[in-house]
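Here is what TrEMBL says about this protein:
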{"type": "DOMAIN", "residues": "18-220", "note": "domain 'YjeF N-terminal'"}
{"type": "BINDING", "residues": "N66, N67, G68, G69, D70, G134, T135, G136, L137, Q138, Q139, A140, D163", "note": "(6S)-NADPHX binding site"}
{"type": "BINDING", "residues": "N67, D130, S166", "note": "K(+) binding site"}
{"type": "DOMAIN", "residues": "229-351", "note": "domain 'YjeF C-terminal'"}
Amino acid sequence: MKKNPVSIPHTVWHADDIRRGEREAADALGLTLYELMLRAGEAAFQVCRTAYPNARHWLVLCGHGNNGGDGYVVARLAKAVGIEVTLLAQESDKPLPEEAALAREAWLNAGGEIHASNTVWPESVDLIVDALLGTGLQQAPRESISQLIDHANSHPAPIVAVDIPSGLLAETGATPGAVINADHTITFIALKPGLLTGKARDVTGQLHFDSLGLDSWLAGQETKIQRFSAEQLPHWLKPRRPTSHKGDHGRLVIIGGDHGTAGAIRMTGEAALRAGAGLVRVLTRSENIAPLLTARPELMVHELTMDFLTESLEWADVVVIGPGLGQQEWGKKALQKVENFRNRCCGMPMH
């Protein structure tokens, strides 16, 4: 396997879709799920070695799932090159998944030891590998895991998270409880929404990616989510014809700006103009009309009414709702109107 993971892709997959697709991808390429786990563990090991080449005592925290299985692989590879490894495993009455059990057995066969999660941490630890919780987490970690997470966060050693920082929800980026504050995160197969949204940037550190060799299978699958970056702008913002006019460059409706929040809707409208939107219509509180037109006369500013909102939705190519919308009945009615229009006309999700 290559020493450095590939660059971050622009396609993003729902975590459930990845879990369901792993077996299909492995079967399509003649691989077992355990072989994928070995690839994931090696990719994580390479990130650890590259980021912290002088670390000589690794503490590996293994959960009771396939994320923990990745941790066993990392531990075995580290031990094989002479690194001191202390492995702490989460206790559970349930059996390990088949692949994780194989990885655990390989670690023991290599002379590795497994310590209880409440074991005192050696003072010489200079790198922590987080393989506690994976992408299946839907709620706050339970107390025993939270204590391990808090201990890791308070330790001076850097942390590398395997697939996702433990405690971060893979779908939303929410952190309902304790969460690992990683210095590096290596994720596998595809990006998950929760690594790019919510609290993710606070806790993932530097994000790495490895497809585990499933690129050809992924390329043949339907893409549901796209990550947008500045590198893509040249593809979307084509050179304009000398004879083009603003009507050729899109019609945008922006909805928001409740009492006291005109600034949000103004900045959104101005950003749209600067980005190149042709016709920008702003629907807001009547009190905001004069200030917005004074600041940006290019904007077409109107009072938000339900009738005019319907007309504007039918007129627009793109709709933005939310800046300064607030949580009062005025904003809720507008949002419901947009959702109903979307469901009736488009059937597409809102973002």
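Using the three backbone atoms N, Cα and C, a Cβ is placed for every residue, glycine included.
Features per TrEMBL, on structure.
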{"residue": "N66", "record": "(6S)-NADPHX binding site", "contacts (Cβ under 8 Å, 6+ apart)": "M37, P97, E99, A100, G134"}
{"residue": "N67", "record": "K(+) binding site", "contacts (Cβ under 8 Å, 6+ apart)": "A131, L132, L133, G134, T135, V162, D163, S166"}
{"residue": "G68", "record": "(6S)-NADPHX binding site", "contacts (Cβ under 8 Å, 6+ apart)": "C62, A89, Q90, L96, A100, A131, L132"}
{"residue": "D70", "record": "(6S)-NADPHX binding site", "contacts (Cβ under 8 Å, 6+ apart)": "M37, A40, G41, A44, A103, A131, V162, D163"}
{"residue": "D130", "record": "K(+) binding site", "contacts (Cβ under 8 Å, 6+ apart)": "L61, A152, I159, V160, A161, V162, P165, S166, I180, A182"}
{"residue": "L137", "record": "(6S)-NADPHX binding site", "contacts (Cβ under 8 Å, 6+ apart)": "S166, G167, L168, L169, A170"}
{"residue": "Q139", "record": "(6S)-NADPHX binding site", "contacts (Cβ under 8 Å, 6+ apart)": "P176, G177"}
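Annotation note: N66 ((6S)-NADPHX binding site) sits in a helical segment as assigned by DSSP. Between the listed binding-site residues, namely T135, S166, the fewest other CB atoms within 10 angstroms of a CB are found at T135. The residues of the domain 'YjeF C-terminal' (229-351), classed with DSSP into helix (H, G, I), strand (E, B) and coil, number 61 helix, 19 strand, 43 coil. Sitting within 8 Å of the Cβ centre of N67, D130, S166, and not among those site residues for K(+), are the Cβ atoms of L61, G63, G68, G71, A131, L132, L133, G134, A161, V162, D163, I164, P165, I180. Mean pLDDT of the predicted structure over the domain 'YjeF C-terminal' (229-351): 92. D163 ((6S)-NADPHX binding site) is surrounded by 26 other CB atoms, counting those within 10 A of its CB over all protein chains shown.
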